[in-house]
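Copied over from TrEMBL, here are the features:
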type	residues	note
ACT_SITE	LYS146	active site, charge relay system
ACT_SITE	SER219	active site, charge relay system
ACT_SITE	SER243	active site, acyl-ester intermediate
DOMAIN	90-537	domain 'Amidase'
Amino acid sequence: MATVSFKEKIKGVGGHASYEAKAHIFREQLEAKIPASLRLPPAILEDPPLNVTHIPETCGLLTHKELAITELDATAVCQKIAVGELTAVDAVTAFGKRAAIAHQLTACLIDFFLDEGIKQAQQLDEYFRKEGKVIGPLHGLPISIKGMLPVKGTVGSAGFLMNTETATEDCDMTRILRSLGAVFYVKTNQPQTLMHLESRSTYGRVLNPYNTDLTAGGSSGGESALIAMKGSCIGVGTDGGGSIRAPSAHCGIYGFRPSCRTTPLHGVLWYQPGQDGFFSSVGPMCRSARDMRLFLEAVLGANPALLDPDVLPVPLKVPDLTKRKLRVGIMMHDGVVTPHPPIIRALKWANAKLEASPEVEVVDYIPYDHDRGYSIVRELYYEDGGATVRRILKESGEEILPLTEWVISPPHVRDHDASEVWKLRDERDKYRREYSDHWWSQNVDVVLCPPFPGTASRHDTAKYWGYTAIWNLLDYPGTAFPSGFVADPAIDIYQEPPSPMSAADEYNLSLYDAAKFKGAPASLQIVGRIYNDGLVLAAQEVVERILKS
């Protein structure tokens with residue numbers, strides 16, 4: 001098989017001449033914003049290694065102080081700023097410079113506005129100097145923002161070049177973060193349609209920093225790649241089918257999908273307004289478990305329901321799990337698709353560690369008809385049979401990507417009239433009730449399971465979302481987090497290939513070649529019942545502490 005060049009690997013979406021002319025303008029505008037002083041040498045970009053995570057440290061473009069700052073998680077940044085050990089200007093400058101380097105290696109950005117971020121930071125530093133206190137819990141914290149969340153004066157997109165534009169105002173989430181003291185400096189890449197577990201757009205294909213032959217995931221793949229490259233310590237993603245958890249898992253970072261309508265969505269860009277068969281939620285992607293709690297406590301503490309009438313005023317209650325045993329269900333597979341060997345190895349290791357702990361009671365969790373649930377949610381995504389997507393692509397001349405064709409095509413996707421929409425919603429609600437009863441019968445607090453049927457997938461192959469989308473259908477909050485393992489071709493092999501449980505399983509088995517996944521992070525997922533977001537946070541902290549002991 002011919003080797004694909006780095007330039008070809010990272011290439012953006014193409015299209016007809018009219019599309020290409022407009023796309024060229026947007027790409028050139030972004031490239032012009034990357035300062036010459038932060039340009040990587042051509043020798044590095046012509047043939048970079050598969051693992052590019054070390055390049056920001058070795059390229060010579062960052063000072064020792066900047067490298068030290070970018071090693072901090074979000075909580076540490078906030079703590080240091082609050083006691084005067086770090087300025088907001090130094091923080092955003094360090095992360096912004098590293099973000100520029102990360103973009104050249106992974107195509108993780110759609111907009112870069114460090115100068116504006118420095119102006120924000122200067123105002124915050126001046127406030128701190130005069131008042132002797134921070135303006136809010138996120139004072140001076142640089143936060144990267146997914147492309148579909150508008151930040152006033154910056155580029156945003158709803159998944160197509162046709163709806164890529166400069167925002168005239170913040171969406172509710174970025175407005176709240178700004179009021180809490182956050183500093184914005186970049187917008188991150190996402191896929192065509194916003195409905196791929198990969199991220200390729202006009203601006204390029206986002207590459208996994210640990211193995212650029214693999215995807216960084218989607219649809220918040222720009223965020224996951226940027227955070228893994230330490231060009232951001234915390235960012236904001238969205239999740240309607242796995243778009244926070246899958247990319248977080250692929251890049252070995254932390255990501256949390258809150259219960260829907262607990263965090264604000266008003267103003268977020270979307271091309272199917274009024275489609276409410278399923279909901280997305282907005283949540284954090286970051287480098288530590290404590291950063292997930294920092295973000296959620298800050299945002300929910302701002303009472304977003306007072307701003308966005310669609311938000312439910314559900315407080316974040318994080319229980320004290322030192323007073324009782326945590327009951328964890330282990331789901332090795334979902335009965336539809338068997339995970340690849342690195343994920344099975346991580347789960348078996350986690351199971352053994354938890355069973356040996358006096359803090360946890362471990363049970364085998366039996367999945368309930370996940371194939372049926374996955375079919376329902378896939379049908380809910382495009383109740384118009386994909387007609388809106390095809391119309392947008394036709395009108396703009398943008399080429400349809402393979403994963404777009406897959407996600408809007410039968411057997412799961414078809415057009416519905418009003419009575420068929422009602423019937424589909426009824427099927428959804430019945431399944432949710434059946435699953436709720438099943439969950440109670442299993443007597444678990446949370447479930448530990450795969451976040452994806454493997455590590456990061458090879459490009460254009462992510463065609464099974466069942467390990468995340470099922471929880472979207474149920475609206476069960478969840479978090480993806482690193483196990484600490486990476487794929488190892490020497491041990492992550494099938495002794496005997498398992499017998500496929502389904503056509504999707506047969507496809508997933510066909511994708512596995514141990515050598516091609518070398519170095520890819522192996523991550524885990526914890527989920528809990530709807531509105532038990534605080535319990536999921538607490539359980540993840542307990543589980544991770546036991547795994548690290």
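From the backbone N, Cα and C atoms, a Cβ is placed for every residue, glycine too.
SER219 (active site, charge relay system) sits 9 Å from LYS146 (active site, charge relay system), counting Cα to Cα.
Counting other Cβ atoms within 10 Å of each Cβ, the lowest count among the active-site residues LYS146, SER219, SER243 belongs to LYS146.
Cα-Cα distance from LYS146 (active site, charge relay system) to SER243 (active site, acyl-ester intermediate): 11 Å (rounded to the nearest whole number). Mean per-residue pLDDT, taken over the domain 'Amidase' (90-537), amounts to 98.
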